[in-house]
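Novice: Annotation comment: TrEMBL describes C19-C34 as disulfide bond. Under the heading region 'Disordered', TrEMBL lists 26-63. The transmembrane segment annotation in TrEMBL covers 71-98.
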Amino acid sequence: PDEFQCTPGDLCYPRGWLCDGHPDCEGEEDERGCGTDTVTGPVAVTEPSPGPAGSAAGTGTGPGLYQGSEWVSACALSSPVLLSFLVAASFVAVWDLFKAKRRSNTISLEKASREQLMPDKSQ
């Protein structure tokens, strides 16, 4: 809720950076619609075209084109989801290493036991 994205999939930025007079997005979406622009002549007003189904593009719910609640929610959820994914991947990798080492130790123990129980006849 305290972050926004310039476009879907971009990094999340603090909401305080919106309309701060410094463009943070490539297309300066974070500085559009802030009410600071002065108009000296007639301006044709056109509504932005709606984005893909389910997207927040064109909803007009924020200062920029992609400032709808879905993108803000995506920012809020992306960090915990990414963290969960990284933790799960690390756990799987460590578990596989543990199983491989355990399997290796079992094979070595089995080999040593055989050598003690059945000494090589060539000696």
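Every residue gets a Cβ built from N, Cα and C, even glycine.
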Novice: Around the C-beta of C34 (disulfide bond), how many further C-beta atoms are within 10 angstroms, looking at every protein chain?
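Specialist: Summing over all protein chains shown, C34 (disulfide bond) has 13 other Cβ atoms within 10 Å.
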Novice: What's the number of neighbouring CB atoms sitting within 10 A of the CB on C19 (disulfide bond)?
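Specialist: 16, counting other Cβ atoms within 10 Å of C19 (disulfide bond).
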Novice: Which of the three DSSP-derived classes (helix, strand, coil) applies to C19 (disulfide bond)?
Specialist: coil
